[in-house]
Amino acid sequence: MALTPTREDKFSFGLWTIGYTGADPFGGPTRSDLDVVEGVERISELGAYGLTFHDDDLFAFGSTDAERQTQIDRLKGALSDTGIVVPMVTTNLFSAPVFKDGGFTSNDRAVRRFAIRKVLRNIDLAAELGAKTFVMWGGREGAEYDSAKDVRGALERYREAVNLLGDYVTDKGYDIRFAIEPKPNEPRGDILLPTLGHALAFIETLERPELVGVNPEVGHEQMAGLNFTAGIMQALYQGKLFHIDLNGQRGIKYDQDLVFGHGDLQNAFSLVDLLENGGVGGGRSYDGPRHFDYKPSRTEDITGVWDSAAANMRMYLLLKERAQAFRADPEVQEALAAAKVAEIDTPTLNEGESYDDILADRSSYEDFAADEYFDAKGFGFVRLNQLALEHLMGARS
C-alpha cells in the first residue's frame, strides 16, 4: 500500500495546530506566527485535503470588519490556488477574557448573548466557505467550584443555545451539522459534557437532535481513562460520528496533543481498523475527514512543524496498512471465528420470540450445561490480541 497521502485519504489539519507557536502555561512562544496562506500551501504540498479553523485563528478577536474580510479573502485565494477545502469550522469561545466563565453557559447573561452572536456570524462564514460541519468545544463551559455553577441551569442554557443554532441553519437553508467535542477538564477544573457518553445523552434532549452529533478527540477521551475505539463504536452505532479529532495521548494527564499514534499505539491501531474496515462488508465505517488536532512539540522549529504534520498522515497510513494485513490473515480469520466475534450480531432472541417463549425454552436454562464452561470453552481472546499486536509490529506479513 502507498504511504504517500492523497486527497482521497481526506486528511485535514486545524490552523491552530500547524500554527501552534509553542506557548504553554510555563513559557512563551518558541516559534513565529504562521500565515494562513503559507499554512494552506504547505499542507497541500504534504498531501492533505482540508484546513479547519476557529474564527480567531484566521483574524484576531476584535478585528474590524475590514481586517476580517482581508483575511477571509486571503484564505479564499489560497484555497482556490491549491484545491484545499474547508470541511469544518469552529468558534473560539474560550480565549478572550470575556469568556473566562464560558460562552453559552456563563453565569453572566450578557456574555451568553455575545457568545451566540459570535457563533452565528461564524456559521455564516462556514456556509460561505462550504463547510459541512460546525464543531462546538466548550472549553470554558464548566467550573472549578461546585457552589459556583448551577449545572442543571447551565445545561439548560447550553440546550437553549444549540437549539437556536439549529433553528438558524435550518431557516437559512445551510447544509451544516453541529458536532459537540467533549473533554473532561482543562482549561476548566471540570467541563460540562465531559465525555462522549455525556454528549450523546445531551443531544437526545435537543429540539433538532438530527442536526447534532459528536466530534470525539483521542486525547480527550483517554484523559478520562476511556477506550477511544469503544467510544467511536458507540458514536457510529448511534449515527452520531459527524467528525473526529486524531492525536496521541499517553495516559491520564494533561492534554498532550501528540502526533497521532505517538501515544497509545495499540488503541490507535484498533481505531484505524474500525474506521477503515469496521463497516458493513468490511468497508469504511466512517467516510468523513481524518482530522489531526495535535500540537507540534514546543522543542521544534518550523521544519519540525511540517515533519510532525507529515508524521500524522504517515502514521495513519502505516496503521491502515497493518490493519488491512491483519484482516486478510487466514489465521486471524480463524481466531476471530474461534472467539465467536461475529456471533454478537446474531439476535439473542429468535424472530418473533417473546419472554414467554424463552421462559418455556428448557434448553436456555434448565438443560443448559453452564458447568461445561469451567476448565473449558475458552474464547481465545489473548491469542487474537497477540495476532493483532504481531501485525501492528510488522512481525507478520
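Cβ coordinates come from backbone N, Cα and C, glycine included.
Since this is a predicted model, take the numbers as computed values, not measurements.
Annotation source Swiss-Prot lists active site at His54, Asp57, citing sequence analysis. For Glu181, Glu217, Asp245, Asp293, the entry in Swiss-Prot reads Mg(2+) 1 binding site, with the evidence type sequence analysis. Marked as Mg(2+) 2 binding site by Swiss-Prot: Glu217, His220, Asp255, Asp257.
Close to Glu217 (Mg(2+) 1 binding site) in the fold, though at least 6 residues off in sequence, lie Glu181, Pro182, Lys183, Ile244, Asp245, Leu246, Asn247, Asp293, each with a CB less than 8 Å from its CB. Note: the CA-CA distance between Asp57 (active site) and Asp255 (Mg(2+) 2 binding site) rounds to 20 Å. The Cβ of His54 (active site) lies under 8 Å from the Cβ of Leu15, Trp16, Val89, Thr90, Thr91, Asn92, each on the same chain and at least six residues away in sequence. In the structure shown, across all protein chains, Asp257 is the one of the binding-site residues Asp255, Asp257 with the greatest number of other Cβ atoms within 10 Å. DSSP classifies Asp257 (Mg(2+) 2 binding site) as coil under the three-state reduction. Same-chain residues that are not part of Glu217, His220, Asp255, Asp257 yet have a Cβ within 8 Å of the Cβ center of the Mg(2+) 2 site turn out to be Lys183, Val218, Gly219, Met223, Asp245, Asn247, Gln249, Gln256, Asp293. Taking a C-beta cut-off of under 8 Å and a sequence gap of six or more, His220 (Mg(2+) 2 binding site) has these contacts in its own chain: Glu181, Pro182, Lys183, Pro184, Asp245, Asp255.
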